[in-house]
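Peer 1: I'd like to ask you about the structure that follows.
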Amino acid sequence: MTDSGTIAAVRGDQAGGPALAGSPGADATGAADGATNPAAVGAAAEPALLAIGPASREVGVSVRSLRYYEEMGLLTPSGRTSGGNRLYGPDDLARVRRIRELQQLLGFNLDEVRAILGHEDRLARVRQDWAVASTEDRVSLLDEAREVYLNLRDQVEGKIKGLVSFRDELDARVARNDRLRETLPG
């Protein structure tokens, strides 16, 4: 595998894509602390931060949900006003969208979402470490990333098995319902 192919395998995203939103040690551009984002050269140094109301409307969740995600340890606002009001940046909004995706698309509860986000955050740190790692350390990082990916896959597989079982149960109930219907006159 080429170096760029290896990097893409560790990153687990599209080539050139940003670091995972909300990753510890990542700034609003997804770059590691102190790193320069070439795309941002000449652009405003700070991304726009939204107060909790506009942020909630932007991502389609309630203000209470944003507060609850913070209480659950799923989300940390990028900043606060001098009065203590929460401020959300682009990475925070992307993380909320990811939380909702995991809940709605895959049916994970918030404890499962927290575990998955923890794995994804670890993968983001692996991607950051990759840039400065020696060849020996890169082998270790690849092994670590593989373990995290397998753990995530196992979680998804467990959810799939549960959904298939539920679908089969519904199919059986529909069949039983149809058989009962056939026994009724008219």
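Note: Cβ is positioned from N, Cα and C throughout, glycine not excepted.
Because TrEMBL annotations are produced automatically, they should be read as predictions rather than curated entries.
The feature compositional bias 'Low complexity' is assigned by TrEMBL to 16-36. Summarising the annotation, TrEMBL assigns domain 'HTH merR-type' to 49-119. Sequence annotations record features per position, and here TrEMBL assigns region 'Disordered' to 1-36.
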Peer 1: Count the residues of the domain 'HTH merR-type' (49-119) that DSSP assigns to helix (H, G, I), to strand (E, B) and to coil, and report the three numbers in that order.
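Peer 2: Across the domain 'HTH merR-type' (49-119), DSSP assigns the residues as follows: 42 helix, 7 strand, 22 coil.
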Peer 1: Restricting to the domain 'HTH merR-type' (49-119), what is the model's mean pLDDT?
Peer 2: 95
